[in-house]
Each structure stands twice: as structure tokens, then as C-alpha cells.
Amino acid sequence: MDSLAGLVLCGVSLLLYGVVEGAMDLILINSLPLVSDAETSLTCIASGWHPHEPITIGRDFEALMNQHQDPLEVTQDVTREWAKKVVWKREKASKINGAYFCEGRVRGQAIRIRTMKMRQQASFLPATLTMTVDRGDNVNISFKKVLIKEEDAVIYKNGSFIHSVPRHEVPDILEVHLPHAQPQDAGVYSARYIGGNLFTSAFTRLIVRRCEAQKWGPDCSRPCTTCKNNGVCHEDTGECICPPGFMGRTCEKACEPHTFGRTCKERCSGPEGCKSYVFCLPDPYGCSCATGWRGLQCNEACPSGYYGPDCKLRCHCTNEEICDRFQGCLCSQGWQGLQCEKEGRPRMTPQIEDLPDHIEVNSGKFNPICKASGWPLPTSEEMTLVKPDGTVLQPNDFNYTDRFSVAIFTVNRVLPPDSGVWVCSVNTVAGMVEKPFNISVKVLPEPLHAPNVIDTGHNFAIINISSEPYFGDGPIKSKKLFYKPVNQAWKYIEVTNEIFTLNYLEPRTDYELCVQLARPGEGGEGHPGPVRRFTTASIGLPPPRGLSLLPKSQTALNLTWQPIFTNSEDEFYVEVERRSLQTTSDQQNIKVPGNLTSVLLSNLVPREQYTVRARVNTKAQGEWSEELRAWTLSDILPPQPENIKISNITDSTAMVSWTIVDGYSISSIIIRYKVQGKNEDQHIDVKIKNATVTQYQLKGLEPETTYHVDIFAENNIGSSNPAFSHELRTLPHSPASADLGGGKMLLIAILGSAGMTCITVLLAFLIMLQLKRANVQRRMAQAFQNREEPAVQFNSGTLALNRKAKNNPDPTIYPVLDWNDIKFQDVIGEGNFGQVLKARIKKDGLRMDAAIKRMKEYASKDDHRDFAGELEVLCKLGHHPNIINLLGACEHRGYLYLAIEYAPHGNLLDFLRKSRVLETDPAFAIANSTASTLSSQQLLHFAADVARGMDYLSQKQFIHRDLAARNILVGENYIAKIADFGLSRGQEVYVKKTMGRLPVRWMAIESLNYSVYTTNSDVWSYGVLLWEIVSLGGTPYCGMTCAELYEKLPQGYRLEKPLNCDDEVYDLMRQCWREKPYERPSFAQILVSLNRMLEERKTYVNTTLYEKFTYAGIDCSAEEAA
């Protein structure tokens, strides 16, 4: 089965290769391959094709490594539109020897043609420049001895020695015999005397087809078309590669003298036509002279009776017809065939008819038509359509008329990027023709805003339908209003007025509205615009309030609600609808007296999820509540947690992660670990009562110790059965923990003689602790998990964030700035508790600009701790080009002043918003047709800079926790640098315990719900930052409150795609916003994606000013609230 799959994949890749090669007619002309003192050249031609990527000429080091390394001077061939050229003058003849290639690309696939040049004064000369054989052929590669020397002869393959001939046995014709040639035998073979070098070597290239003679395909089982006039069957496509001077499906049609190319449109412009030109085509053809010429230099005319490339074809003309050395037999009227042996209607080169030069179409389905004449009439397989990107299409429908073949193609979705030159191509036995035509794809109009609901009743809605503004191309021909109750099918009505009343609606029902615009032309109806949701008024009672659904037992759920009070004198009751999500037919409706506030839903199935809703009915039915969901309790033990992984192991900590299966009423997770070799009763249990948590950091572990870790799931029945234990071994003791003596010595210096007494007491206490440690290990581990962080302490030159840990960390040493070396200038930033000032500082004897951060007088203790924490983070991070680096710090009168790099262009958010040139300088925007002073490349560079910096932070195991455009600074040369490390934490998982202002719009779901922060939550924030970059500083979730975000994000709602954003960039954002943290990409993966986008030079962020352009909204009050 695997081999069959591999065969299919091989076939697909080969088919794609053939399509690409068929879309580009690439030719390499090697003028005078035997180099003497005359000028010589290489010319690479993309005939009849306009490639998106430039064609190139280079040295082929794969074929020949030990050749000159000098770069080639590649220039445009002024005589042709799409051609490159390399010319060597006489004085550079010594640097020419070697192997070369010409390369073109279509849709990312490369087509490479190879050739060689060698000295005419070489000791040996090859019989031919290239030799093409089939797999299994017996091959003789021969070199003619030109110079006689008393030296051994040596033969190389691809620069590696393979054979030698003693000096007294060197024949006039030096041969290499290869019986039953295989593809691995292919390569460049060279011959010289042992005392020679590259300049005296002769080269020939052997090409071995992957298949046996007249076979092609992935498994070489399909028969080749018979290729005439020495054409070569391509082993991947079965098509004939025609030699220069012939064309058509079987290469039977001869071109006019001195012309070449797939459609014979190219011409040799010299006085003697194609003399001295060696034509090289894609493998497996190789190189040959043009038709009518032979010899290594292609400067010898064919003798009488011979024609074709290298004059290898012989005329056998019947009826005494003339043999032309360029075209072969010239048949009289009424005769045809290679030898004019067939009587009948002469073949006519195909012609493309009735194809306009320009076509305008709407985006969507497109059915272009190609019509061709000729004899014989082209078949369906002989007509193709080539898109601007090189994609080759086959006809979807085909028919014949009296004089024409008509091919109808289908493009399921044509888009504006498909605009450009398309090519209709016809290739028959009578020849080949191509006709380019231009297609302009118009963007279908789409409203930018949802229709506004002015008023509603229980059965109507008054709607403002405005088509302005809209995205896409006009003019607007018609408008349709689509409407439907939620979860039902759409209906529509055509409207002409902007204010429209929609009647016959259902009471108290959620409806959705949107508008569809249409422009002139077939398929001119655009995609419906944004959806507006509204609810019609109620004519019944509202649903019960305070509904709660909880499991009661394995077969029962308990539904409760608040007491119901109505103004109606009619009797009322509560109708409860219960449905199983696993068994669709299991549905029950229960009537409950109105004076009750609960109902027990019994006779249910264990471990099954149910959905419940309720309404209050009188004589009229009331409004249904929202659906509630709950599982019945499990009747079996829960399964063992799955995908258990242990990672990020240090000398005292390790991260444990897992996943659980839904439906087993799992209420908590138990992590049990113990030192290897200790008794079972000496284990430590950590119970996590929130079953949605899927990772936990073990702390307080012993260095260089092996632990056994077990994880259990617990539900109403009990704990899951034990599975195999996972082994964990901590790293050796880190140096940071071993250098505590320095901190104690500093304390001794400060406290003096009194400190000596404290040290003695402390040492005695530590000794006692060490003795008791084995007995109280469980209590110590539990205490470690619940430690809190005390106040910040700092002294000049050191920083200590003391924590109630087993071992206090060393004070962080920071570079000290002298207070007198700081000259303050302007305030450049200010917050509620801090201030940033521009200053000139003196550091290491040099004056430089810096940004100085300090806390205000009324800042809280937590704010001071976070500020000192930022200095600690910067010290530990070290230097990186994409973070704001520390210059130094200074303590003055009890306040800490932090000096960091000065970013002359400010923060990224303001920088992006200032680029909105349509708002700041409309005249400039209109004149330059741009909506921003920043290009797509610059915006992607900002994104890549931040990703690179965050990758560095994650490698250092730091979590930023406040990643947003406002906290990115733009430095010299417009390099983005990550700043504001006040909330950063140097650990894999951080649980926030203090209350404070939170950046809600940038926070991940797990951070909002559980206050848990990881590198994965930084990835979520990065996705929002990427959205800010693309939207040029828009406010995330503009128009939504924080409360709405708490509700909608868990339901799958995400930021919408900016209109100027490519699908690939938005897909990267969506990957960052995946609900499960472990499914989000790492910063290293994000950086790889962005670097690839930068290399492709594609416009991923469109800043072109199109009609009806609008920027993403900005809501400063919402940003402050976050």
C-alpha cells in the first residue's frame, strides 16, 4: 500500500513538472562552445512567455566543482524581450572553461538547462557536447585525441576520477564503455592528460532517461508518442521535445529556415542564420546544432542528402522531391509526410480565431473559449490555456464545427491576481501556435457595513439599507436584502429605496440581515456584506431567570431557576425541553407548575451530554431561554490522562502537561511524584481541582535526582487506574544557587559585627533544616507551591527581589550610572505610576541619548516591585538587537532610575497611526495612490523583528505578558524592539495573584479565565499585535466592551480579517488564536513563515489606495479601559 501511495505521489509530482515545463519555452544558446581567441557567449531565452521571476545564468557547480568562482556579468539581451546574456571578450578566454546553466521559474518550479564550454586547444575533444540515451542502453562515451603527450590519460565524472589509461596505451579515440546505462551514470565526463588541468580538459555530458526506449510515466509503462526528426520523448510527460527548427506534437512540422522555438517565432539574426550556435533544451534533450548544421562548433553545413540537427537525418524523398538541409523533403502539392510518401490534403499549421485582445470579467466562475482552425483540426488534448502564473488548463468542454475546433475552459474562481496575459495554445502534428490575450478581473462589490435596524416590532423591522461605502468595483446595478431567522435558510428581496420595512416576521425571534450588491456583467453579484443581528419584540412572557443546570447523579440532572412573578392573571407553567446530544431521537418536554423553582430530570443515561432550555407559558407560548448543557455523572472510573509530557526540566523544576477525555465527569487531576528508590508512602500529591488546566510546574525538586511521576484523573466514582510511571531526572545544581555566599558577605559588610551573629544563627538554622529535610519533604514541597513574593530591595549596584524560597537568589548586579552623568531633557512618556524622560548620559566615557524610566511618588508597592523586576529581567536577558537593551541604572534618594536605549521613532502603535497618510496628508495620499507611508515589506519587517525578539525571550524562558504595539519601540534604521518588561516573568508558567489593570484585548483565553500566562499566551498576544500592524494601528475588537470579549472569545469569536490583508497573513493570526495553547505555533515557526513571505516579495499587506478605502477603527477609550 505504501509503495502504491508513493507511486501516486511520484506521478503527481511528475505531472506538475510537465505542466510547468510546458508553460515556459526556455532555450539556452551556446555560441562557440570551443573557446579560442574569439568572442563567445551564452544567451538564455524565455520564448513567447512573460515570466514573473527573472531568468538567470550561472555556473553549474553541481556538475563541475573545481571551476572558476568569479561571478558572471549577466546582462539583458537588447535584441529580445525576455532574454539574458553573458559575453566573454577575447582577453577573458582563460576564465571561460566550465559548466553553466540557464534557469527559469514558473509557479515556484524551476526549469534548468545545462551546457559547457572548453578550450579548442584541449588535449582531447568530445565526439558530442551532450549524449542522450535510454535506461539500459549500452553507451560508449568517446574523446578524440588531439595532442600527443607521453603521459597517462585520465577520465573524470563530475570532477571525480574514474579511469586512467597508461601513456603507451592511449588510443586515438579514448572511450568509456557503460553497459546497461542507469540514471546514476548520468553526469559530466571529462578527459585530459594526468599532467593537465581544467583548461586542457574536454567535457561531454551524458543524459540517461529514467525509462527504457519509447517508454514514459512514473513506472515507465506508458508508450511514447513517436517523435519525428530526432525529437526526444520526455520520460515525465510523454511529450516530444522538438529539436531547434521543428515544431508540433510529433516534431514533424519544419520551421522556416533560421527560425526556432516551440512556435518557430524566434529567429537567428546573423548573416549566416544559426551557424556557430549550439542550442540547448531542457533534459532529456540536451544540446545540438540547429537544423542544417553540424560539428562541435555547429559551423559545418549538412552534406547533400542530409538535414536536421547535427545533420543526423537522411532524406529519402519520393517522387524526386528536393531535399533541403533545413527542412528535409519539400513536398509538391498533394503530397505530404517526411519522405512525401503520402498523398492527400496538405497539413496546415493551426491558427487561433476570434480571440479578442482584452476581456473584462467579474471575479468568480469564468469560462474562456479558444477557437482554432488548421488541418487536421486540433483535438481536445491539443488545446490548452495558460494562466499568468503558468498554470496550464485543459478544456472542460469541446466540440467541432465545419472549420474550427472550439475548446471551452472552466476556472471555478477567477480573482484580481489572475488579471494579466493569458495564452491560448494549440499544438498539433501540423505545428504549434500561441495567442496571448489580456484579462482584467473586476472585484465584485461588497458592503463594508451591515444594514442598520431603525425600529422593530413583534412582526416587522424598519431597515436602513445603504450600499455606501462598499469594497470592490462599481457601478452598483442592484441591491438584495437577505434575511433569515437564526439557524434557518436565507430569503431575499430586491430593494431600491434606502429605507425599507420588512414585514411578516416571527415574534421574539433572532434574525440576521445582510445586503448583496451587484455590478454589470455576467456573475456580477458580489458576496453578501457584514451581518446585522436583531430580535423582534415578544408577545409572550420572558424565559425564567437564573437558570442553572447541574449533574445530580449518574442518571439525573437538576435544573433550577429564580421564582417567577408575572402581572398576568392567567395561570402559567414552565415548559422544560430536554434533548440528548448523543442520541438525536431522545427528546422530552416536561411541564412544571409555575410556583416551583426546580425540576429533576431523571431516567437519563450515564456519561451523556444533554441540552436543556425552558420557557414560561400561559395561553400563549413564552420565549425560549438560551440552551444549557451538562453531562450526567460517570458510571465508571475515568480513563488515564493522555499525551503526558515532561518538559523544561531544570535543577529544581519541571513542566508536566496532559490531556483528558470529555464525558467522564472529571473533577480534578492528581500529580503524584516521589524520588526513585524511596518507599511508596514517601510520595508527594498535588491535587488540581480545575480539570480544564492541562499543565503544571513541579517545583522544589532536588538537583540531579530521578523521580517517578504518575498522573491520575478523579471523578465521582474514584481515581483512574494507574498506568506506567513517567521518569524525570532533574539537572545538576545551577551555579546561580551555589553563589549565595556573595549576598551574605554583602549583608555582613552592611550590618557589621551584628551581622556576624545573624550569620551564625542562620547557619545553625540551615544545618537543622538539612537534617530534618528528609522527614518534611512533602510539607516543604506544598509550601513551595504557595509562596508569595515580598517587597523589593535594592542597593547601589545590586538588585534583590527577595522571595520566600528555599534558597534566595543572588542580588542582580546591574551597570551603575553616576547621578551627575545624567542630563535630563524632555518628558517623552507618562503613565499612571511612571514616567519616561529623554536624557543625555555618559557611559564608559561616551555621551549618548537614553530613555530614563522612573516611578512616581505615589506608586504602589506592587508597582515598585514590577519596576525593579523590569531591571532584573533586562539584566538577565542580555543584549539582543530586537529588544530595548539596558544601558545602566542609578539609585538616587531612594528612587531607582532605569536607563535604556532611546528609540527616536517612538512606539510602534503611534508610528503606525502616523503612517495613515489619507488622514494626515490627503493630497499626498491621492497623488501617490497610497493609504500609508509604509510598504508591505516594512510592515512585515516590523512583524519579523518582534517575532525574532520574542523567540529570544522564549529561549530565555521569559514570559512578556503585555505584548502589544504600544510596547514595541521603533529604533534606528526602523528596527522594532520589544520594550516594557515590567510584567515579564522568568518561568514557563506564571499565575497572576494580584489584581490590577489588564490588557484584556491582547490576552489569551487561558489568561482571561485562569490568570495563567505562558509563552503560548504571548503567542496569542503576538497575533493581536500582527493584526495591529496590518490594520495600521487599529484598535482590536473596536466597538466591543471587555465584558463582551469575556463572553464571545470562548465561543470561537476572533478578530476579523483586515480588508488589506492577504489570506496567508490572516491564517498566521488565526493560528496564534487557537483555543488550545499547545496548538499555537512557536515564535521560531512564526519567524520562519514571515521570513518566507519577505523572501517572496509578494504584497501581503495592501497599502494601495483603492476606491472607498477606510482605515480600521481606533477607540482610545477602549484601549485605556483594557
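Just so you know, glycine gets a Cβ as well, placed from its N, Cα and C.
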From Tyr504, Tyr1066, Tyr1106, the one Swiss-Prot labels phosphotyrosine: Tyr1106
Selected residue, Swiss-Prot feature N-linked glycosylation site, from candidates Asn438, Asn1102: Asn438
In Swiss-Prot, the member of Asn595, Asn1009 to which N-linked glycosylation site is assigned: Asn595
Cysteine paired with Cys370, where Swiss-Prot records a disulfide bond, from Cys311, Cys315, Cys317, Cys424: Cys424
Residues of the parent chain within Cβ reach of the domain 'EGF-like 3' (301-341), under 8 Å, 6 or more residues beyond its termini: 128, 228-230, 243-246, 252, 254-255, 257-258, 279, 288-294, 347
Protein Cβ atoms within 10 Å of Asn399 (N-linked glycosylation site), excluding its own: 11
All-chain count of other Cβ atoms within 10 Å of Asn595 (N-linked glycosylation site): 10
Between Gly834 (ATP binding site) and Asn648 (N-linked glycosylation site): CA-CA distance (Å): 35
Residues of the domain 'EGF-like 2' (254-299) by DSSP state, where helix covers H, G and I: 0 helix, 19 strand, 27 coil
For the domain 'EGF-like 3' (301-341), the number of residues DSSP places in helix, strand and coil: 0 helix, 14 strand, 27 coil
The domain 'Fibronectin type-III 1' (444-539), counted residue by residue under DSSP: helix, strand, coil: 0 helix, 44 strand, 52 coil
